[in-house]
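Trainee: Dropping a structure here in structure tokens format, bear with me for questions.
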Amino acid sequence: MANNGTILKISRSLKNAVSAILQGYGDGQEPVTETSAELHRLCGCLELLLQFDQKEQRSFLGARKDYWDFLFTALRRHRGYTEQMSFICSQDKLKTSLGKGRAFIRLCLARGQLAESMQLCLLNPQLTREWYGPRSPLLCAELQEDILDSLYALNGVAFNLDLQRPDLDEAWPMFSESRCSSPSRTGKRRPGKPKGFPEEVRCSRGEQLQEPDTGGTSCLQDATREDRTPDLCKPLQPSHLPTFLEEKREDSRSLSCPQSTWETEREGFQLDQKDGGPKPRKFLENSTASIQQQRSRAKDVKMQLTGRKVEGKGSLSGTEDQRTTEGIQKRAADWDLGQGLMAPGLQGREDAELGYRCEWNQPDVLRQSWVLGTKKSSPTEKPQEWTGVTSGTMQEDGSEVPLQQEVIKDPGYGLQLAKEQAQCQEQLRAQEAELQALQEQLSRCQKERALLQVKLEQKQQEAERRDAMYQTELEGQRDLVQAMKRRVLELIHEKDLQWQRLQQLSTVAPGHCIGCNKVFRRLSRRYPCRLCGGLVCHACSVDYKKRERCCPTCAQQEEIQDT
């Protein structure tokens, strides 16, 4: 009973190890690596199973044989496993049979062939009895089936293992301890990372990972807050100011609206004009002129900074920085007023957000003014509520009209828009052509599939018809074989009878009775046997069980046939 308990305990521990691996690494999860504690548990259970109640055998040189010798003896008869055997034998650093057996287990786990290898090893029960005692679970049919079922479940788990380890002669590699303690204490090296494993990114305590700001709103808000701080009244250092202007220029370029946004806004302006809404053409022209003026001021500041940097003297004064800040705030206020008059339905939005959009989306304002400038033929009627609001702005910005007209008449921007539109149209045509080609390919594949389906059905029908015909022919051949067997038996029986008659005639001397071997005299009555034809005296023909005209031998055979 104690032996049965030990056997069941070994089988149960192996099942638990397999279930732990399936729970942690099954269903397409990450592969099992050297640092997995479940791997160490599984390898230990497999080694205990293969070493339990193993008979002691020694080689020619006196070395003790282990379960590797059993696996090698069982698998070398199968051609499909010669490559694995040669791979294990080619590892010169493994000196013992125990180390080679461990390497073979790891190789089968990595290739998903452990269950198949074990099943091939257990196909020959006589060989298994030569290597293992009666207490081994490998000799019990029920436990053997349970073990193979558990091992076949591991075929769906990926194992990422090092197949050429020189330290398997000593023990199984135990890298899971390195997670809790340093490698210097344990004395074992840390395993290398598998290919494709992401590298760790280490940050200091005060650092944070910065994600790219796609919208650019946080950068703009920080820039605006910095413009409003009183620290900007102080003169900036010459080494930091050019980089600041470069960053602002790059942010303004990266935040330019794409062509789709421009088309949407242009359609909105056209709908407003058709509905008779407010027409902010003059206000947009004034804001465009002010923006152009601020741009020219920024260029002057940049040129001054560049010249001073080359000469190595001077710095940018605080008044110019304040002027730039005031220009940005003025453009924000003008854009807020224009947006409030053009789109009354958008009053729920925050004014600060609209101001930031106006500050850094200068190409949007230029595109809108260009569209309004090209549509000079459309009627422009200003309502009375607009007259009081825009009259002051028109008087103040009357000197900036020529500059705005130059911006409107600039054909370079229109050419850029036309190029972008042509590129988008080309991309659309290419995508439509690709879609059409894919649809044609899909239709062809469907037709081919239908054709193949019809051919498959025809082949199946033909195969069924041939199968029925072959079955009929097979039945006929079976009947013929049975008839031939019966005829052969009849011929054999007839041959035996003829041989028996011939033997009887050859043994009986002429002039003697077949039954009692009596010598016939001149007056003795004699009768021929009606079956074999031999001469029988009157006593033998009448007294033998009342069978007349029959010798005793033929009478016995006839009795046997009747029974």
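The backbone N, Cα and C atoms fix where each Cβ goes, glycine too.
Computed from a predicted structure; not experimentally measured.
Grabbed the feature section from Swiss-Prot, which reads as follows:
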{"type": "BINDING", "residues": "C529, C532, C551, C554", "note": "Zn(2+) 2 binding site"}
{"type": "COMPBIAS", "residues": "285-295", "note": "compositional bias 'Polar residues'"}
{"type": "COMPBIAS", "residues": "385-396", "note": "compositional bias 'Polar residues'"}
{"type": "DOMAIN", "residues": "33-166", "note": "domain 'RUN'"}
{"type": "REGION", "residues": "176-327", "note": "region 'Disordered'"}
{"type": "REGION", "residues": "375-397", "note": "region 'Disordered'"}
Trainee: Of C529, C551, which of the binding-site residues has the most Cβ neighbours inside 10 Å?
Mentor: C551
Trainee: Give me the mean pLDDT over the domain 'RUN' (33-166), rounded to a whole number.
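Mentor: That stretch averages a pLDDT of 87.
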Trainee: Excluding near sequence neighbours, so keeping only residues 6 or more apart in the same chain, what lies with its CB under 8 A of C554 (Zn(2+) 2 binding site)?
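Mentor: In sequence order, the residues whose Cβ lies under 8 Å from that of C554 (Zn(2+) 2 binding site) (at least 6 apart) are C529, L531, C532.
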Trainee: In the domain 'RUN' (33-166), how many residues does DSSP call helix, how many strand, and how many coil?
Mentor: 84 helix, 5 strand, 45 coil
